[in-house]
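Data first, discussion second: the structure below is written as structure tokens.
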Amino acid sequence: MSLSNKLSIEDVDLKGKRVLIRVDFNVPLDAEKKVTNPQRIAGAIPTIKYALDHGAKAVVLMSHLGRPDGKPNPKYSLKPVVPELEKLLGKKVTFAPDCVGPEVEEIVNKADNGEVILLENLRFHIEEEGKGTDAEGNKVKADKAKVEEFRKNLTKLGDVYINDAFGTAHRAHSSMVGIDLPVKAAGFLMKKELQYFAKVLESPQRPFLSILGGAKVSDKIQLIDNLLDKVNTLIVCGGMAFTFKKTLQNMPIGNSLFDEAGAKIVPDLVKKAEKNNVKLVLPVDFTIADKFDKDANTGYATDKDGIPDGWMGLDCGEESVKLFTQAINESQTILWNGPAGVFEFDKFAKGTKATLDACVKAAEEGRTVIIGGGDTATVAAKYGVEDKLSHVSTGGGASLELLEGKALPGVVALSERQ
């Protein structure tokens, strides 16, 4: 699956067409149904505006919100998104009460002069995800014939299909893979994600460093395994470093996280790193705590003595940060997935913040720094540096699967450049 060879919205003639765009408006709402973080809506605006500026007859937006499990639920209606979308777009938006059916088709077919229509939540229909729960809460599967019909009915709403929902690209849902139009192209958000991931996965500038943190080794085995074929240096930090330290160096880790399943694989991963000439960097000192709490008592431990019983490592120490910074400074391409400590607690955020500072400096010097979604994207947002890095991915699960070497159904479904 080549990432850099997909059709994008700029390659497509939109004049006089109904442009059906799969967006990701899965935004948080408060008790008053107000959007609390409009970032995802703002992210889709350039694609919508491009379609309007290039003569689209109508722009039809489809999205999911939350997990209604295949049945209508007013709590997950997309209607509260309308005022926020109108504000950001600077024009009126028509809300359709469903995402398929005669009433929706009539609204779409009457639309002209660049009218913008937002469809109701796709996941109110079990046919979007292919599964859901019934009224009693039992798991149910969608009927195959009905899924086909649902996809045909969505297809009726456009002449051109644009996918701008990278965060859902790893899901083979109807709106991602089932739209049967001759032209299926990436929107600007999707295009940027594909460009940057192509940069690291298909032709990285070397030396190439990957920083992997987070809790469990077993969750990241495929990721580590795939990246060991691509990187020059690998930093293992965060909770999963303790599984490496205990397994490889027999370091006492006290009550720190230990992943039994992951520990069995560690020697194989280290062998592969040696075989591929990949430099493995592990933390050498730790900020420790007497409990998992923001107000815990703190201490310091090195890997020489290990972590005493009754204490747990929640961050890496200054010597580790020096090693990480040196590796960052020596690299041209840096891919970061998973924090270096429990950054949610201020006492244990230093290692993550120092690593982030080194990454920002690298990006400012013109090197490529990519943050792979999820918790690490939250870190970049927490310290307000998203625009100081080359790319912060919007898709946690999707970026993880790409980096594991998997093909993403939503990307595979897009047309290739001729």
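Even glycines carry a Cβ here, placed using N, Cα and C.
Marked as (2R)-3-phosphoglycerate binding site by Swiss-Prot on the basis of similarity to another entry: Val23, Asp24, Phe25, Asn26, Gln39, Arg40, Ser63, His64, Gly66, Arg67, Leu122, Arg123, His170, Arg171. Residues or ranges marked as CDP binding site by Swiss-Prot on the basis of similarity to another entry: Gly214, Asp219, Gly238, Gly338, Ala340, Phe343. The ADP binding site annotation in Swiss-Prot covers Gly214, Gly238, Phe343 and is backed by similarity to another entry. Residues or ranges marked as AMP binding site by Swiss-Prot: Ala215, Lys216, Lys220, Gly239, Gly313, Glu344. Residues annotated as ATP binding site in Swiss-Prot, with similarity to another entry given as evidence: Ala215, Lys220, Gly239, Gly313, Glu344, Asp375, Thr376. According to Swiss-Prot, the Mg(2+) binding site annotation covers Ala215, Asp219, Asp375.
All features noted in Swiss-Prot, drawn onto the structure.
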residue : record                               : DSSP (3 states)
Val23   : (2R)-3-phosphoglycerate binding site : coil
Gly66   : (2R)-3-phosphoglycerate binding site : coil
Leu122  : (2R)-3-phosphoglycerate binding site : helix
His170  : (2R)-3-phosphoglycerate binding site : coil
Asp219  : CDP binding site                     : helix
Gly238  : CDP binding site                     : coil
Asp375  : ATP binding site                     : helix
Binding-site residues near Gly239 (AMP binding site) (Cα-Cα within 10 Å), from Asp219, Ala340, Phe343: Ala340
Surrounding CB atoms that lie within 10 Å of the CB of Val23 ((2R)-3-phosphoglycerate binding site), all protein chains: 27
Cβ neighbour count (within 10 Å, all chains shown) around His170 ((2R)-3-phosphoglycerate binding site): 23
From Ser63, Gly66, Asp375, Thr376, the binding-site residues whose CA lies within 10 Å of that of Ala215 (AMP binding site): none
Structural state of Ala340 (CDP binding site), classified by DSSP into three states: coil
The one of Lys216, Lys220 whose CB sees the fewest other CB atoms within 10 Å, among these binding-site residues: Lys216
Closest of Gly214, Asp219, Ala340, Thr376 to Phe25 ((2R)-3-phosphoglycerate binding site), Cα positions, binding-site residues only: Thr376
Cα-nearest neighbour of Gly238 (CDP binding site) within the listed binding-site residues, Ser63, Leu122, Asp375: Asp375
Distance [Cα-Cα, Å, rounded] between Val23 ((2R)-3-phosphoglycerate binding site) and Gly214 (CDP binding site): 29
Reduced DSSP assignment, Gln39 ((2R)-3-phosphoglycerate binding site): helix
Mapped DSSP class for Gly214 (CDP binding site), helix or strand or coil: coil
Distant-in-sequence Cβ neighbours of Gly66 ((2R)-3-phosphoglycerate binding site), under 8 Å, six or more positions away: Asn26, Lys75, Tyr76, Asn121, Arg123
Candidate nearest Glu344 (AMP binding site) in space, where candidates are the binding-site residues Gln39, Leu122, Gly214, Gly338, Asp375 and distance is Cα-Cα: Asp375
